[in-house]
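K.L.:
The structure that follows is given in the form of structure tokens.
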Amino acid sequence: MFSPNVNHIVEHPAAGYRKIFETVEELNEPLPTEVTGVLPSWLSGSLLRMGPGLFEVGAEPFHHLFDGQALIHKFDLREGHVTYHRRYIRSDAYVRAMAEKRVVITEFGTAAYPDPCKNIFSRFFTYFQGIEVTDNCLVNIYPIGEDFYAVTETNFITKVDPDSLETLKKVDLCDYLSVNGVTAHPHTDADGSVYNIGNCFGKNMSLAYNIIKIPPPQKDGSDPLKRSEVVVQLPSSERFKPSYVHSFGMTENHFVFVEQPVKINLLKFLSSWSLRGTNYMDCFESNEYIGTWFHVATRDPAAYLSSHKFRTSAFNVFHHINAYEDQGFIVVDLCTWKGSDFVYNYLYLANMRAEWDKVKESAMRAPQPEVRRYVLPLDIYRVGKNLVSLSYTTATAVLRSDGTVWLEPEVLFSGPRQAFEFPQINYSRCSGKNYRYVYGLGLNHFIPDRIVKLNVRTKDTRLWQEEDSYPSEPLFIPTPEAIDEDDGVLLSIVVKPGAERPSFLLVLDARQMTELARASVNTIIPVTLHGTVGKRAIS
């Protein structure tokens, strides 16, 4: 179904969305699908996706959307035929949970407790030993060199076989880099170099943020991770309270980091976690009054622009859409949520599985989502004057007497409790460059029920939506030798609980947002977060 009206609100009284938050079993072998429509002849390879698949262990439930154990999914497309496969990542968190029939390692919103069968002295010492950092890599999967890694936001990543979906090796990034963890949203240069950001200890034991670089595949076949390096370090506005970081921006010549008012209280993390059952969510706090800071660093040579102090009002940000340079300005497009209230507070599974009226009631208390454009002037010269001279935006930047530049955004999209999230662009062509189109997952009171195309220049929208269907992040694949930016297809996994075949891979024409084909499979697929294409995605 195609509709041009993105603000149309769809009701979900049957609560079929609950199915995407239920445990499923892995598959011993790929399942065939039923293909309807016409798959593009050039589309061949695999779609890889990560997400939670196990939502309880024995009698112990996981509480948060980001707690379920990592399940890797693959749709394989070959000569017009499509198969579906999935397997659990054999992380330490998963293997030990399966062995002990309980939550063994603390996850994002679920605390692990000592084995009740152990004596009191063993339990006492377990508390004082502190908590193990989870290696539950459920958020994303991406290539490093010739290999693929499932990732979360800690220092652990997991090497997987993209063909068999077998777990190959657990990797600790601390063995190679000075970071406490990195985001699940790196940037990749044309040469295959991978850039990412994570917090670290900087000068005088204060917190900072390191932007890292993993080089492209090595001619000698060696592991690129062994040649990883810190490119540049950015300061934290608070010594012991780094901001939560989920993604960052990268242009042709600059890095852009948005330091939001959602903070990790490091002292609380180190003290209370060691003494009682505390999870990651317990260590976050928000501060409306410090607002949001934009940090900029140059790429070559790499240097932090300490004289450029960009500030604006408080908002949450998880996903950068794109950033690019134009006429002495850096344009930064973001999926934001107004205020400092942490959006993840509303993603507990009890909220996501509630009756529709309760889902809406909870979402009404949450921050309002908006797609925003901020413009950062590189030339800062006059107090009290709007420094932005780009003709196509209403975003402003005003230098204040204290040396900070106050930013006000242009709103590119806003609908009441209708979020545009999980953004995707024509990355190979437009990353770090001026662009026109972004595709996203439409969240209706946090429930994913549409795929949206947004023209960031005209603010026009198009969408795909089908009754009682719940899509995932749309991944853009360009047509070979395409001329236009939106010449390609979108791939999304859609769950339709009431259908005979309740899940399907949807292939959309990215220009018109019309369906080209779907490959339906006779199994429920739980919610997926992010993904990529395999080595042979396009023939």
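Glycine is treated like the rest: Cβ placed from N, Cα and C.
Taken from TrEMBL, the feature Fe cation binding site covers HIS185, HIS246, HIS319, HIS530.
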K.L.:
Counting only residues 6+ apart in the same chain, whose Cβ is under 8 Å from the Cβ of HIS246 (Fe cation binding site)?
P.N.:
GLU153, THR183, ALA184, HIS185, VAL317, PHE318, HIS319
K.L.:
Given the recorded Fe cation site (HIS185, HIS246, HIS319, HIS530), which additional residues of the same chain have their Cβ within 8 Å of the Cβ centre, ordered by sequence?
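P.N.:
Not counting the recorded site residues, we get VAL139, ASN140, THR183, ALA184, SER247, PHE318, HIS320, PHE422.
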K.L.:
Does anything in the same chain, at least 6 positions from HIS530 (Fe cation binding site), have a Cβ under 8 Å from its Cβ, and if so what?
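P.N.:
Listed in sequence order: ARG49, MET50, VAL139, ASN140, ILE141, ALA184, HIS185, PHE422, GLU473.
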K.L.:
CB neighbours of HIS185 (Fe cation binding site) within 10 A?
P.N.:
20
